[in-house]
């Protein structure tokens with residue numbers, strides 16, 4: 001492959017405190033020089049600077065060297081350090097001269113000051129500006145793309161190079177191949193958890209964020225197919241014009257000009273006989289069913305095989321690796337799986353025994369991933385066979401908690417063996433979960449009226465997500481029970497069966513002593529059974545018990561406002577309604593109740609103000625209508641009633 005310039009990451013420049021170390025040393029030397037100049041004269045000050053220059057350059061020049069001979073280069077370094085020290089010392093000299101003679105060389109001092117203190121500032125201005133411009137040039141030269149390379153697990157392959165090239169500008173992508181994917185033995189796989197096992201079985205050969213030059217016109221690739229013992233080299237036109245680019249949105253704290261452009265994920269699939277397919281989710285960029293092999297020497301082949309073996313554990317052994325190659329060659333598995341990738345079968349999937357909030361994501365044999373609702377999976381359609389079915393639970397978030405890994409080869413064989421002569425037969429894949437907590441499942445294949453128990457599958461559970469789901473379900477079940485008991489309690493209150501209502505209240509307190517609305521029910525029961533004084537005496541208790549739950553606390557304030565209203569204690573009632581509104585300002589009934597108190601206190605202006613506010617919030621009641629019709633002025637003695 002020709003030499004091209006590829007993307008080189010440029011990190012942002014950050015202000016570093018390291019610059020203060022040499023500046024600090026110069027400042028210390030200048031302070032000592034000031035003392036020597038002021039008290040002992042210029043001769044001793046000059047001698048001090050020569051000594052410092054010699055020592056400093058000695059450590060810098062001979063650091064890490066075995067020889068310490070004095071050379072001309074070393075002496076030149078001493079002179080350079082001395083010149084720097086003396087230039088810095090000019091400011092000290094000017095200060096001492098001014099103190100002793102009263103003469104101040106203002107212009108020279110200004111030049112000196114500008115150089116000494118302006119140099120670090122100028123240095124960082126240059127660094128920041130040049131870095132910013134360089135990053136802009138990168139963003140205008142390359143676009144980002146998530147890139148993945150896939151091939152059949154048994155199609156053992158050593159990839160030498162992959163590049164997207166702009167030949168006119170001599171630019172290439174920055175794909176750095178590692179060839180480090182392990183091929184695990186059956187014993188090694190059996191020792192793994194299903195999730196880890198199938199991660200390795202379905203792992204991509206390469207996946208990374210890459211940078212492709214704008215205007216890339218060639219795609220170059222070379223690889224050695226170990227199973228086929230063939231080396232392939234491609235240098236073909238790349239259809240850059242068909243690629244859809246969009247503005248990169250992240251990171252949000254960077255300006256758009258630095259984020260640059262990106263494409264959708266580009267995937268490369270390698271097939272037997274040098275075939276490949278390069279595509280995004282929207283379009284196929286390159287599709288070659290086969291390629292012509294290129295000759296390389298046996299030594300080169302052996303070198304690539306040895307490098308490939310180093311990525312393995314069990315198969316790092318030469319004998320075991322040779323046996324693996326022979327086993328793969330005689331099994332016919334690659335050809336069978338290759339045939340499945342383009343085979344569409346009419347099938348639908350049903351599942352039972354799981355919460356209705358689960359939907360699924362299917363990974364099929366054509367390497368496509370798609371999410372689909374339960375109702376849609378139950379409709380027969382031409383689809384590729386699944387190799388992984390992921391169940392995603394809709395809770396407070398989306399939890400991909402359960403994976404069913406399907407042996408698609410065995411599934412295809414089962415279908416072929418039982419479909420008979422009817423090629424149009426639709427297949428039903430039925431998953432029956434008997435115990436969601438322990439995840440026990442029966443997989444049945446139904447076709448031509450026959451039910452076949454299918455056993456070539458494994459389940460992988462993400463315990464972290466399952467724990468969160470179980471906790472959410474437990475919380476919801478408890479919440480539903482509390483709301484049910486609360487409703488039953490209020491039903492008994494309305495039926496004036498206060499004893500039964502109290503039992504529901506006690507049940508609620510036993511389940512969750514922190515459930516604030518229980519105390520609202522308890523407060524009303526105390527009022528109905530023991531009267532105003534008994535209830536009002538406990539107001540601090542009820543307020544304290546609901547302080548952690550604003551909605552319940554607002555109900556408590558409103559409740560005490562109502563019972564004080566019935567006692568004609570309007571001034572005291574007013575305070576509680578105001579507290580209710582302050583605690584929960586979105587509840588219009590509290591606003592209306594406050595307006596009613598102003599109405600009864602013959603304050604029409606404030607009564608109308610609160611009434612209009614309640615109406616604007618969407619509230620409607622007979623009392624609100626009365627206040628509005630009377631414009632807040634109460635003509636007769638108000639009828640006392642509970643709002």
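We number each residue from 1, going along the chain as drawn.
Note that Cβ sites are derived from N, Cα and C of the backbone, with glycine treated the same way.
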Range annotated as transmembrane segment - as stated in TrEMBL, picked from 107-126, 127-146: 107-126
Counts of helix, strand and coil residues, the repeat 'TPR' (554-587), according to DSSP: 27 helix, 0 strand, 7 coil
Mean predicted confidence [pLDDT] for the repeat 'TPR' (554-587): 93
